[in-house]
Amino acid sequence: MGLWDALLNWLRSLFFKQEMELSLIGLQNAGKTSLVNVVATGGYSEDMIPTVGFNMRKVTKGSVTIKLWDLGGQPRFRSMWERYCRSVSAIVYVVDAADPDNLSVSKSELHDLLSKTSLNGIPLLVLGNKIDKPGALSKEALTDEMGLKSLTDREVCCFMISCKNSTNIDQVIDWLVKHSKSSN
């Protein structure tokens, strides 16, 4: 049966290609560009240059092509977030789980963005990054601090990840493929 399933999956991949478009947003130094690099190449670098404006990268995983918009997190770029989040398959909000000092700003920026009617119903994936660092929040603490339970107009999920160690990156990709707006 395994050979038959493999053959069917191969045939499906030839005829049923899926495309997704994602916006990666979050405050500066949360790890958005590192996430793009880990998803695209499996590689991680300690030396990241802050994103100025945005970068776009296409990545293919199996039969799914993912277009990733990596948006700058500095205050001067946050006004662009809404524009790049309209009509995407999902919004990926990256939070530095080891930086409690920025959580209130991060929560405020996320909730302000999601209050825009143009973004109603777009699935949200919140990623607590840098769980490899001491003092990183738990999933429950991050969910509470970010007020995620109050977001009821869309599908919301939270994963704790480490781009540095590639922790939970495969689960993130699986969730995105299964729950993105385009696959509903």
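Here the Cβ of each residue, glycine as well, is placed from N, Cα and C on the backbone.
Database features (Swiss-Prot):
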INTRAMEM  1-18  intramembrane segment
BINDING   29-34, 48-51, 70-74, 129-132  GTP binding site
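Projection of Swiss-Prot feature records onto the structure.
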{"residue": "ASN29", "record": "GTP binding site", "DSSP class": "coil"}
{"residue": "THR51", "record": "GTP binding site", "DSSP class": "coil"}
{"residue": "GLY72", "record": "GTP binding site", "DSSP class": "coil"}
{"residue": "ASN129", "record": "GTP binding site", "DSSP class": "strand"}
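Neighbour counts of Cβ atoms within 10 Å were compared across the binding-site residues THR51, ASN129; the minimum falls on THR51. Within its own chain, ASP132 (GTP binding site) has SER162, LYS164, ASN165, THR167 as residues 6 or more apart in sequence whose C-beta sits under 8 angstroms from its own.
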